[in-house]
Amino acid sequence: MAGSRGLPLLLLVLQLFLGPVLPVRAPVFGRSDTPTLSPEENEFVEEENQPVLVLSSEEPEPGPATVDCPRDCACSQEGVVDCGGIDLREFPGDLPEHTNHLSLQNNQLEKIYPEELSRLQRLETLNLQNNRLTSRGLPEEAFEHLTSLNYLYLANNKLTLAPRFLPNALISVDFAANYLTKIYGLTFGQKPNLRSVYLHNNKLADAGLPDHMFNGSSNVEILILSSNFLRHVPKHLPPALYKLHLKNNKLEKIPPGAFSELSNLRELYLQNNYLTDEGLDNETFWKLSSLEYLDLSSNNLSRVPAGLPRSLVLLHLEKNAIQSVEADVLTPIRNLEYLLLHSNQLQAKGIHPLAFQGLKKLHTVHLYNNALERVPSGLPRRVRTLMILHNQITGIGREDFATTYFLEELNLSYNRITSPQMHRDAFRKLRLLRSLDLSGNRLQTLPPGLPKNVHVLKVKRNELAALARGALAGMAQLRELYLTGNRLRSRALGPRAWVDLAGLQLLDIAGNQLTEVPEGLPPSLEYLYLQNNKISAVPANAFDSTPNLKGIFLRFNKLAVGSVVESAFRRLKHLQVLDIEGNFEFGNGSKDKDEEEEEEEEEEDEEEETR
C-alpha cells in the first residue's frame, strides 16, 4: 500500500501552495521579476515566476476526525496542511506531526519559535511567504531539525538577514522581496541538492555576499539576484547555472573571468545597470559557450561589445547610447535570430555595410527610435521582420530593399518620408511582404509600386488628399487598409478607388474630411471605420455593395435626426456593431452657404496641388 499511496501524495502536494508550475528544472515559487517580452522571445526566455511543484488540481479537504487539523485549516491524511490566508498571528500549535507540506502564506505571522518547527521532522515543503516575519522573529536555529526540508518559501516578508543555517536537503529557496543585506556561508553553502535560489528585490550589496556563497552547492541552476545594489558580479558562481539574473543593480564593469566557469549558462540578464564599453572586454562573454539569451539593454554602451558568444540566439542591446556597429562584431554569431538595437543613437553611416554579413538565421531586427537618416545598407538578407520606425529617414531609394527578398513585415512609420523621395521601384523585390506601415510620414499620395501581396497596409497620419487612380491596382490580397488621419475628401474617392481590393475586410478612413459614405466599397468588407469625419447623411443605398459588414463606426460625424435612413442597414444580416455616438446635435444637418463654399474652394485648391 505504501507504494500505491506515493503517487497520490505527490499529486496532492503544493497545488494549494500557489498554482501552476512553469517549465523550469527546479520547481520553486516566488515573485515574478521578469520584464514584459515580445512573443518571439518566449521560445528562449522562461519567466522568473518561481513556480511551485504542482502536483494536483484539487485542494485538500478538511480531514476526518481521525486527522488532527488546526482550526480554519485544510488537512489531508497524506500530510498536506493548508493554513494560508486565514489571518494567523501565531504559529499553529496543533499541527499533525506527520505534516509533510505546510502552507502558512498570506497571514500576519511576525515570529516563529524553533520548538514550533522542531517537531515537524517530516516537513518537506514550508511556505511562509507574504507574512510579517523579521530576522529577529526567525531565530538562527529555526530550521535546524528540518532535515527533510526541500522547498522553503519566505518571499515578501521583512527579513534583513538571511538565516545562518538552512537544511542541507534543500532544493529551492525563495527570499525575494525582503530587506536582506547579509547572506552567510551556510545559508546556501553545503547543499548538494540545491537547484534554485531567488534573492531579487532585496537590499544586497557586495559586502553582504560571502566569497564562497555556494561552496558545496555546485548544482544550482537558477540564481535570481535582480533589483539589489550589487556593483560586482558575485564570485565563484555555481558551474551548473543555466539562468542568471543580475538586472537592476549597479554593475559598472564585469571583471575578467567572472563568467569563465559558466559553460552551461543559457540565459544572462544584465539590463538596467551602468555597464560601459570599458567595463566589458573581448573575453567577458567568450567562455559562455551555451549562452542563447543575453540582455544588455538599458546600460551605457556606445558600441556593440566584441567577443560575444557564437551560440547567441537573442541579443538585447536596446536603450543604450550605441553609435556604431562595426564590421566584425556580429558576424561570428551565426546562430543569431533576434537583434534588438532600438532606442540608441545609430546613424546609417555608423552601421558598417558588412555588419550583418553571413547572419543567415537573423530574421528579426529592431532599429527603431534611432537617428537613421536613410535605410542602412547591407541589411540581413534573410530578415523577415524589420522595424525602422521613429527615425529621420526622408526617402526610400531603389536599392534599399533590393536584397531583402524574405521580408514579411516592414515598419517605416514616423519618419520624414515624402512622396517625391520614394522611388517607385523601392519595393519591387519584396514579393513575400505581408505588412507595410508607412504611417506618420509626409506622403501626399500613395506610393506607386506597392507590393501586390501585402495583407496589411497602414498609411495613417500622412498628408493624403486623394487616392490616385490605380494607386491600389492589383492588390487583391489586401485584407486591412488604414488611412486614418489624412486629408481625404469624398470628391477624391471615386467608386473605382477600391475596385481591385477583392479581399479587403477592414477599411479605416477615420479622421479625414469625408462628407458621405464612400461608394463602391468591395463586397468582402467586414469592418468600416468612418468616425471623426463630416458625414451628414446615410442614404438607403449607402451599404448596398457591402452585404457582409459586421461593424460600422460612424461616431462623431455630423449626422442629424432624419439624415440616417433606417433601411440602409436592413440588408446587413451580419451586422454586429453600429456605432453612431456623438452625432444628432446639428439640427437638421444643413450647412450654411458660406461653409459649403469654403469647403468647395479648399477641395479645388487641394485637387490643383495634387495635379
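Cβ coordinates are placed from backbone N, Cα and C, and glycine is handled just like the others.
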Query - N-linked glycosylation site according to Swiss-Prot, picked from N282, N588 - result: N282
Report summary line: Per Swiss-Prot, the N-linked glycosylation site among N300, N411 is N411
Report summary line: For N215 (N-linked glycosylation site) and N411 (N-linked glycosylation site), the CA-to-CA distance in whole Å is 51
**Report entry** Beyond the flanks of the repeat 'LRR 11' (335-358) by 6 or more, those residues with Cβ under 8 Å of it
**Finding:** 40-41, 292, 297, 302, 304, 310-329, 364-380, 387
Requested in this report: Provide the number of Cβ atoms within 10 Å of the Cβ of N215 (N-linked glycosylation site), excluding the reference atom itself.
Outcome: 16
**Report entry** Distal contacts, the repeat 'LRR 13' (383-403) - CB-CB under 8 A, six or more residues away
**Finding:** 342, 362-375, 409-418, 421-423, 425-430, 437, 440
Requested in this report: Write down the Cα-Cα distance for N411 (N-linked glycosylation site) and N282 (N-linked glycosylation site), rounded and given in Å.
Outcome: 34
Query raised in the report: When a 10 Å sphere is centred on the Cβ of N282 (N-linked glycosylation site), how many other Cβ atoms does it contain?
Result: 11
